[in-house]
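Report on one structure; see the data block that follows.
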Amino acid sequence: MKSPDSQSTDAKSTATPAEGSQQDRANSAVGQPGGAPSVVNRPEVSPVAAEPRNERYDWLGAHLETRDGVAGARFAVWAPNATEVSVLTDGNGWQAGRDWLQGSDSGVWSGFIAGATEGTRYKYAIKTKSGAVLDKADPFAFAAEHPPATASIIHNLDQYQWNDGDWMNRRGQVNWLQQPVSVYEVQLSSWKRPWDGRRYHSYRELATMLVDYVKELGYTHIELMPITEFPFDGSWGYQVTSYFAPTSRFGGPDEFRYFVDHCHRNGIGVIVDWVPAHFPYDAHGLAHFDGTGLYEHSDPRQGFHPDWNTHIFNYGRQEVREFLHSSARFWCKEYHIDGLRVDAVASMLYLDYSREAGEWVPNQFGGNENLEAIEFLKHFNTHLHADFPGVLTIAEESTSFGGVSRPVYTGGLGFGMKWDMGWMHDTLEYIKRDPIYRKYHQGELSFRSVYQFSENFMLPLSHDEVVHGKGSLLSRMPGDQWQRFANLRLLYGYQYASPGKKLLFMGCEFGQSSEWNAESQLDWSLLQFDVHDGIKRFIGDLNRIYKDYPALYELDCDPAGFSWIAADDADKSIFTFCRFASDGGAVVVVLNFTPAPHVGYRIGVPQAGTYTEILNSDSELYGGSNVGNLGKITSNDVAAHGREQSLKLNIPPLAIVMLAVT
């Protein structure tokens, strides 16, 4: 989706270049006390010479400091092909040529401007070799104006006092692959909207409302669709112009810190979507930053993304790689973010992604792999995991590229987890079918066992599945109203029972009827109806049971954690399997994908004992018909499915039953 040019038309955010000699520029002043010069230059560190894990944002961008008793800000921007760079600010009337920066061999232009303070708005006026002057936002700005205004804002990162020490200490010791991870995916602007005429709630308001809600439902993490500043609401945040600034739609940087802090103090992790795959054409952004393809490839066969009409980063350029590395580290270090979900990884990996023959440039070996992007991702994962233990990196990757979530030292990309897009596609294809035809497609669900431990998978039912005419998840369920809600509960139960971490998009937890609309809030009025409230209660119980039984999460990424009981009863569309914990504890899972109940259905079980029905999606508490096994059932010495012990069950219609031995 294209992001339109959102260059501000506010006179305060535009500038006309001023003429002047180099000596005039060196001697320029803005009337500071004592006649102090507005620009004091000194050599800056080259971005190429710096160590890979130095924080670029510590010296590039705008930073408040005092020099020779004069308070102001140091500015530094990388623009190697510029012929002149000056700073436009509130203090100089947005006039180019008042406050000049000095160039260097590294391509970094830098200088000190007296009088700049916290909250000062600014841009760079960059003169290109063609003589054009471009007004650009700071790529390393820590804050930005509320769109459609486009100026950067000086912000001191050191003001906020964190209160999440306990969470941060625990996080560094956690192996999330062996822990329950259930993620509530949120787009902040359309979760809930104020009733007082404002377009958005603030970060502080959302902290209270959202955290209370997520705790009630039992989720372990919130995943935020992109919060890096973006100009165009219709992009949902995926066309980023400020990689170091949280969007100002909901408040300032410290308000967002409060949001994260509040989540942590309530035991909720925060994952953010991060977009290193592409960036928009907006005039104030990274595109043609110094009049050349600086952050992007100049050749459109390499630098243009046909799906989104955006630029592709030039991963072969070290300064570009370090810009992105620095952004990732920034969110983990300065905002205590617990995970980065990397968007559109497949588009990064392949040079011919969404391109026909002749529209792409092969790599040095003649192949279609983007070797530079692959090395970038390996470096990103290696250093982020080393320096921020417990932080998750999650790939949205839709192809069969091998080793996405395998360690770099074994040849993988190094992500902690990968979205299982195949599971999402096959499951939704299967469950949308009329139950009478499901028996012909049993393999759509059983096939996953062939590859389910090839990566560290997360099972997503994300925003991508409830947009662009697909309808809501509920609207895709077949049958009458009762069957549609039963199918939806069955879908969610199957997700939680299957190996892999969990993700569900907002609104799906109560059966939103309509497709997601980013221009309005969720339809919260549906919760007045028992059928929708029943879905919400079911999700809450799923999360509770998921966290209470290690068999449902501890060996998610280990073949020892799963065993089929039977996947071949296609006539009845029944699947049965076991999940195991490291101590041998087991949960037996029974799935019935038809509306026909079954009485006395025998399944083999791993051990003798009394089995408690820990979950039944057909319970009347959720809107079901209440077919079940009276809470408990004892195994007997009748062999079934290759096991010496078995259970004789009542299996409810369109339902999942989970049983644990006691």
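Positions of Cβ are set from backbone N, Cα and C atoms, glycine also.
Keep in mind the model is a prediction, meaning the values are calculated, not measured.
Positions annotated as region 'Disordered' by TrEMBL: 1-50. If you look up TrEMBL, you'll see 1-30 marked as compositional bias 'Polar residues'. Residues or ranges marked as domain 'Glycosyl hydrolase family 13 catalytic' in TrEMBL: 185-530. The active site, nucleophile annotation in TrEMBL covers D343. The active site, proton donor annotation in TrEMBL covers E396.
With a cut-off of 8 Å between CB atoms and residues at least 6 apart in sequence, the same chain places P226, Y238, D273, W274, V275, P276, A277, E396 near D343 (active site, nucleophile), listed in sequence order. E396 (active site, proton donor) falls within neither a helix nor a strand when secondary structure is assigned with DSSP, and so counts as coil. Around the Cβ of E396 (active site, proton donor), the number of neighbouring Cβ atoms within 10 Å comes to 20.
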